Structure formats: structure tokens, C-alpha cells
Amino acid sequence: MRVFLDVLIARFGKVPYGDRDGARRLQWALLFVSRNDMTFPYALVVFDLDGTLVDSGADIAEALNRTLAEFGLARVPEATVLGWIGEGVRKLVEAAWRHAHDATPIDAVMPTFMRHYAACLLRSPRLYPGVAEALAQLRARGVTLALCTNKPSALVLPLLRHLGVADAFAALLGGDSLPERKPSPLPLLHLAQQFAQPPAHCLMVGDSGTDLQAAHAAGMPAALVRYGYPRDLDLAAADVVLLMDDLRELLALG
């Protein structure tokens with residue numbers, strides 16, 4: 001939220017009375033941004049999905065626990081599962097099977113997990129507060145938006161349609177869309193090339209070390225949200241242009 005205070009001070013010379021409350025600070029900053037045609041500094045913004053735009057952790061945990069149960073294994077607390085999200089479904093299942101000390105080959109587990117994953121996809125996902133507004137306002141400023149997730153590509157569009165934001169994105173990349181996925185820089189470089197933008201003119205927005213590593217390897221600036229599934233990432237020490245509690249804070253960049 002610090003960036004909001006900087007914007008307000010630059011405009012008003014002070015923070016308006018009563019604005020120390022987070023919600024009111026956000027209201028003032030958005031009002032200022034909406035009334036001033038600020039040029040957004042990035043031509044392309046690439047978003048992560050789970051933990052950045054969408055709170056889907058409970059559904060992913062349920063799919064994994066249904067899979068464990070089908071193999072006669074104990075359920076895992078949701079909080080534990082959240083720490084495994086971010087590097088793709090196979091890594092998720094591998095983490096669960098290591099946790100269970102079970103020797104079943106992962107190749108034998110994956111079809112069952114994918115069946116439950118698809119069944120749980122639309123169980124209870126929700127956009128994080130401010131996401132729909134941030135996407136709409138970025139598009140209104142002429143910014144191209146793309147999605148780069150490690151979620152299987154077949155599940156991405158149905159989820160976005162369910163949440164009403166599918167039309168916001170000019171391109172979608174899933175974890176199986178290319179030969180490599182995040183933290184490889186390949187997906188981000190692919191998107192930058194697709195839209196004829198140098199990586200330095202693009203912004204990666206995510207919630208995890210996987211996103212940050214991919215951005216750094218691609219030579220792309222990064223912004224991170226403080227919510228989501230950051231695992232062991234030290235957000236305070238992360239080399240980013242912005243740390244956010246609400247995606248609408250992106251709108252104050254300029």
C-alpha cells in the first residue's frame with residue numbers, strides 16, 4: 001500500500017484525513033487514478049492464476065484428498081496442500097505421495113488425480129477482491145493481458161469462463177502448453193515474443209517463488225501479491241517492483 005501513499009502525497013501534499021485505514025486509502029488512490037490518465041509503464045502484463053487471481057486452494061486440496069482416499073491414504077490438511085501449489089500438478093502429487101510415504105508410481109496416480117481435479121475445478125473458486133476491477137481498468141488503458149499458469153491448459157479456460165474473466169486475456173498458457181513451464185523463463189519469453197515486446201517492457205504478476213524465478217530468468221520485472229501461496233518465499237526481500245495486498249494497487253504504477 002506504500003505506493004498509494006506516494007501517489008496521494010504527490011497529488012495532495014499529504015494523506016487525506018482519515019486515510020490511514022487500508023480500505024479508505026485504497027478508495028482515495030483509485031479515485032485519483034481514475035481521474036488522471038496515468039500511462040501504465042508496461043505494454044504486457046502476464047498473470048499467474050492460482051493464488052494470484054483465483055482463490056482455488058480449497059478445491060485443489062479436495063481433489064488431492066479424494067485421490068489420496070481412493071488409494072487408501074490419509075487426507076492432508078488444506079494448509080499443507082497450499083504449500084505444495086505452484087509448480088504444476090505432477091509436483092503437487094509427488095509432494096503428497098512423499099508426505100504419505102507411499103511407493104505407488106506417480107504415473108499410476110495421475111489419471112485418478114486429474115479426474116478428481118476436473119470434478120473439483122468449479123466447486124468453490126472465487127476471484128480475490130479487486131481482481132475483476134484491476135483487469136478491466138488495465139484493459140481500458142490499452143494494456144495487453146496474458147495468463148501464464150502451471151495448471152493443465154484444459155482446465156484454464158473453463159475456470160476463467162466460470163469466473164467471468166475469460167475475455168480479459170489475449171493469450172493463455174497452461175503448464176502443458178509448451179515444453180517447459182515456470183520457473184523456466186520459456187513461457188514468459190514466448191508471450192513477450194508473441195506480442196512483440198521486449199521482456200523489460202512486460203510485467204509478471206504472481207504470488208510465489210516460481211513466478212519470481214521465471215520473471216528474473218526472462219529478464220522481466222515482477223510484482224507479487226502478499227496473499228496466495230508463497231510457500232517459503234521471503235516477500236520482504238523479494239526483488240520486485242511492487243508488493244500488493246490488493247491487485248488494484250497495480251493501477252497506481254506509473
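Cβ coordinates are placed from backbone N, Cα and C, and glycine is handled just like the others.
These features come from TrEMBL:
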type: BINDING; residues: Asp48, Asp50, Asp207; note: Mg(2+) binding site
type: ACT_SITE; residues: Asp48; note: active site, nucleophile
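Ranking the binding-site residues Asp50, Asp207 by C-beta neighbours within 10 Å puts Asp207 at the top. Secondary structure at Asp48 (Mg(2+) binding site), taken from DSSP and collapsed to helix, strand or coil, is coil. Long-range Cβ proximity for Asp48 (Mg(2+) binding site), meaning a same-chain Cβ under 8 A and a gap of 6 or more residues, is found for Leu147, Cys148, Thr149, Lys182, Met204, Val205, Gly206, Asp207, Ser208, Asp211.
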